[in-house]
Amino acid sequence: MGIESSCDETGVGIVRWHPDGTCELLADEVASSVDQHARFGGVVPEIASRAHLEAIVPAMRRALSAAGIAKPDALAVTIGPGLAGALLVGVAAAKAYAAAWDVPFYALNHLGGHVAVDTLEHGPMPPCVALLVSGGHTHLLHVTDLAAPIVELGSTVDDAAGEAFDKVARLLGLGFPGGPALDAAARDGDPHAIAFPRGMTGPRDPRYDFSFSGLKTAVARHVEAAQRAGVAIADLPIPDIAASFQEAVADVLTMKAVRAAQDMGVDTLVLGGGATANSRIRSLAEERCAAAGLTLRVPKPRLCTDNGVMIAALGAHVIAGGARPSPLTVASDPGLPVSVSQIA
């Protein structure tokens, strides 16, 4: 069983490990508080924590019922990174259930879960590069084994890509969450209408790092210039702005991800995280992987967003790799680095 509570989704998932290295999905329960955050234009940590408190026990019961079991053989939980208060709810629940059931407890990394969940659809994972893109994270990772430490090749130096989507969507009056709203608006737009900048793509820039604050600022300045010229927000070419912004983000993400895979000598690229549900990120990744001779693995959108199944899948791989259980005294770590797969 895996429990996830790092942001605004309360997830409980159950998987069964098979000797051939595959995981079978038995239960996937997710309760989201996203509607409670919409009027604030972003996730409010206190609201998220209270929502987890209300949702965690019912989600546990539903998952056990769906799997047809009384208790799991082991229990894994997201110990970090994430919102401090949100993490505390999931970790406290996991410790209590593990103690009551007398089952092994594993404190795992949220980001590793986003990689591991792909095995539910595509089977055992070969050495690969993983691109994780969400509201709080943008990382390029080198993965040799899900039971081994993951190497971070690069990350964003400022805004996460998903955060930039949310902020630009709010600027354009498209609402929250911004990712789906921008994606929908961009479908009717011209991705080449506006030449927005591609951050950190110069010859002297870090090879695998990202920056989206300049792009976000460029969109804001474009809108401000139109407003100074007397154009109201409602009269702006929103589809063109959305499509051009989305193209800039997808261009940089996929270019650097394919480059990293080639540099690492692997033939597989894995996408994970909620923002990889974006249609342009997926389609451009497909185009560039095909051109580079890489295999692209992308979980279905439901598994890309936060869920308990991803933590259960990571837990199954960690256990199969011989990891010892975590002590019940471990504390959640909101800033846990991706290189720490488990706090033991």
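A Cβ is built for glycine as well, from the same backbone N, Cα and C atoms used for every other residue.
Binding of Fe cation is annotated in Swiss-Prot for H110, H114; the matching candidate from D267, D306 at the same site is D306. Substrate binds L132, V133, S134, G135, G136, D166, G179, D183 as Swiss-Prot records it, and from the list N278, N307 the residue named for this site is N278. Note: H110 (Fe cation binding site) has non-local neighbours E4, S6, T78, G80, P81, G82, D306, I311, L336, i.e. same-chain residues 6+ apart with C-beta under 8 A of its own C-beta.
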